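Notes follow the structure.
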Amino acid sequence: MPRTSASLIPSAPGPSTPLTNSYTYHSSTPTAPGPYILGVDEAGRGPVLGPLVYGVAYCPVSWKTDLEQLGFADSKTLTPEKRAQLLGVLNSEPQNLGWSVRVISPQAVSAGMLRIPPTNLNKQSQDATVLLIRDALQRGLQLSEVYVDALGNTTTYEAYLSSQFPGINFTVTTKADSKFKIVGAASVAAKVTRDACVDGWTFEELIEEDENAARNARNENWNREFGSGYPSDPKTQIWVKNSLDPTFGFPSIVRFSWTTVKVILEKSAHPVKWIDEGQESLMKAFEGGKGREKDRCIVTKDLGIQSIGML
């Protein structure tokens with residue numbers, strides 16, 4: 001997608017607006033009577049750059065035949081131009097067709113994965129899905145069927161969603177974006193939004209910097225030759241390597257919890273030594289489940305509860 005078109009995507013941050021916090025975007029709420037079907041899909045689980053975006057699309061059950069004629073499919077099989085066209089289609093039938101996205105910032109993805117206890121990518125994805133379904137219900141949509149692209153064990157996930165939303169018939173399956181047009185529509189919403197976020201990325205680290213040699217050097221290194229964003233892409237590898245500041249690390253578009261990034265930091269960033277004399281056992285506890293933290297339950301660790309003997 002050309003960068004100039006990013007500002008035309010309503011679910012992306014505005015021009016010169018950095019993506020610092022996760023957010024949710026909703027189209028107008030359809031007014032046609034229900035019940036409704038809803039599809040769920042994502043874009044950006046694997047890349048080392050940019051946000052993870054979950055999308056949903058919804059329409060009345062009675063409108064399924066019309067939906068079949070609109071050309072929605074797995075967004076990965078469509079050209080950027082076709083995806084942009086289909087986002088326009090999503091907005092062209094506001095009475096019958098609606099969509100929403102949950103944009104999880106790169107920093108939120110990594111912070112969740114590195115916290116103790118960690119919130120892994122599956123859990124973050126699950127939370128985004130539940131949030132979007134709950135939002136649709138709170139906006140007054142009567143949902144009867146929800147189709148979800150597979151996440152982990154399909155049977156377990158389907159049972160979990162059914163327990164969260166009794167009365168709704170859930171179908172969780174692989175390649176749902178190819179099997180169900182409503183999931184294809186959600187796939188388009190998620191993919192177009194993510195592409196717009198990345199293509200129009202505003203580096204918050206440069207906003208308040210003076211116009212000096214340091215900023216010019218960063219502008220040169222932080223170009224937009226991102227490649228696909230996947231760790232296996234040579235263009236992405238080059239960009240990530242060149243974007244490293246040995247003292248401050250990477251700009252916020254980078255998911256610093258990815259192994260690719262950790263390896264570069266270990267090899268090329270300045271080493272850091274934490275010095276806190278007399279607190280070695282406490283330091284070890286923070287480093288990971290050792291020392292005084294050993295055998296403590298997750299709840300006490302997460303809440304920061306300490307024994308009187310440790311104070």
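Indices start at 1 and increase along the chain as displayed.
Just so you know, glycine gets a Cβ as well, placed from its N, Cα and C.
Lifted from TrEMBL, the feature list:
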BINDING   Asp41, Glu42, Asp149  divalent metal cation binding site
COMPBIAS  17-26  compositional bias 'Polar residues'
DOMAIN    35-270  domain 'RNase H type-2'
REGION    1-26  region 'Disordered'
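Using the Cβ center of Asp41, Glu42, Asp149 for divalent metal cation, the list of other same-chain residues with Cβ within 8 Å runs, in sequence order, Val40, Ala43, Tyr54, Gly55, Val148, Ala176, Asp177, Val183, Ala186, Ser187, Ala190.
Sequence-distant neighbours of Asp149 (divalent metal cation binding site) (same chain, six or more apart, CB under 8 Å from its CB) are Val40, Asp41, Glu42, Val172, Thr173, Thr174, Lys175, Ala176, Asp177, Val183, Ser187, listed in sequence order.
Fewest other C-beta atoms within 10 Å: among the binding-site residues Asp41, Glu42, that description fits Glu42. Averaged across the domain 'RNase H type-2' (35-270), the predicted model reaches a pLDDT of 91.
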